[in-house]
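Colleague: Here it is, the structure, as structure tokens.
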Amino acid sequence: MAVPPSTHPHRLLPLYLGLFQGALLLFFALFVTYDEASAQVEDTNLVANQVYSTFPFFQDIQVMLVVGLGLLLTFLPRYRFSALTHNFLLLNFSMQWALVLQGLLHHFHHGQIHLDLHKLLISEFAAVTVLISVGAILGRASPCQLLVMATCEIPVYLASEWVIVTRLGVLDVGGTITIHVFSCYFGLGVSKALFRAMQQPLHSKETPTPSSDFMSLVGTLILWVFWPSFVAVLCQPGSAQHRAILNTLLAMSASAITTVVASSLLERDGKLSPGHLQNGSLAGGVAIGVVADMSMPPVAALALGSLSAGVCILGFRFLTPLLGRKLAFHDQCGIHNLHGLPGILGAAASVVAVLAASKDTSGSHSFQLSPVGGNGSEVVEGQCGLLTGAALRLPCLARLPERLCFDDALYFKIQDQAESPGPDSSAEEGALALKE
């Protein structure tokens, strides 16, 4: 007998999460432990130094992902509770799932996985790919669809990272290729398969308001402040980490100024677009990641930041509408403009930087001539995204009808009735959602 439509969809999310967390508890009880404390003073000091040097960066990244990115996604006025909460949920879900998979693949020795702060940090980097990718379908996908997407994306990311970093030897400390480019084209593939060839019309709840744009801009500022920690945390402590911080600060400063210039010039009345500010200001941080710790003149970081911001703004102004008309691509948050285009630009810049470097440069970057080759994985990432998007179309995942997209009232008890549908409207829409 079929499950009644009045109970099935709202029970699917807690069932999925409950089974996942229960399985994870069992897995941790059987296989995960902490490193045993050593009696050697030298070992204790080494661990302490690692914690004190890594944990401040780790906390900065936590603020970026939970607060900064969460607020950045609140530009949809009727979807702000959902954007913040789903971002927070996906971060925790994806981090735990990545921790399990990475432990089994790389750290499973003698029947045990020894957990430390570095492994947790690497798992959080894997979770970032999910948080970026869902930007392509934000507001049009149910929470269950987002969780299934995360379940599929994490293993694909781990495989892609292994190929790019281990097999191709690409040094990418800031995740320009392994995180930003990967998550962009995976997310676009999911969007293309989920919505097929349909061009999504502008939804009545999709237009930002001054209040929602303001909150999103606050998220941009938080991301901008803490981004150097994201780029530098995996660099070798010392001069390489110092260079990464300086280069990131310069690139992001240049991208912020260039965003204002480009946005003002492209708008007919010379006014600034909030959407341009929310994204273009961060483009320099995306592009600089692959070359951040390399020995290069400061002007190169400034130039790369300016170019990435210009590419990002031009993408929003011209490329996104063109892809929507010609290829029916749906990209809700413009991840192609913020993560894809600056990521490719950064990969190309890394090749130029290596070719221009003098022969006495440290050999640690001598095999970094393959980032552009690493970008060939875009096709594979897009295909994996297409397969994941096809899986999200399964009827059991409760896909939202168009009229109920971008609305918090479907997931939350909204107290302010002035900003939520009336009682009759909520009952009618809720019944329709459950039926769908």
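Keep in mind that glycine also has a Cβ here, set from the backbone N, Cα and C atoms.
Remember, TrEMBL labels are computer predictions, not curated facts.
Per TrEMBL, domain 'Ammonium transporter AmtB-like' is recorded for 24-359. Look at TrEMBL and you will find 417-436 tagged as region 'Disordered'. For 12-34, 54-76, 88-108, 120-139, 146-165, 177-195, 216-239, 245-266, 299-319, 339-357, the entry in TrEMBL reads transmembrane segment.
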Colleague: Restricting to the same chain and to residues at least six past its boundaries, which positions have a Cβ under 8 Å from a Cβ of the transmembrane segment (216-239)?
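Modeller: Beyond its ends, the transmembrane segment (216-239) has Cβ neighbours at 53-54, 56-58, 60-61, 63-64, 67-75, 121, 173-175, 208, 245, 248-249, 252, 256, 274, 277-279, 281-282, 285, 288-289, 292-293.
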Colleague: Does the transmembrane segment (54-76) come near the transmembrane segment (120-139), with 3+ Cβ pairs under 8 Å (pairs 6 or more apart)?
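Modeller: Counting Cβ pairs under 8 Å (6 or more apart in sequence), the transmembrane segment (54-76) reaches the transmembrane segment (120-139), since there are 3 or more.
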Colleague: Which stretch, 12-34, 88-108, 245-266, 299-319, tops the Cβ pairs under 8 Å count with the transmembrane segment (146-165)?
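Modeller: It is 88-108 that shares the most Cβ pairs under 8 Å with the transmembrane segment (146-165).
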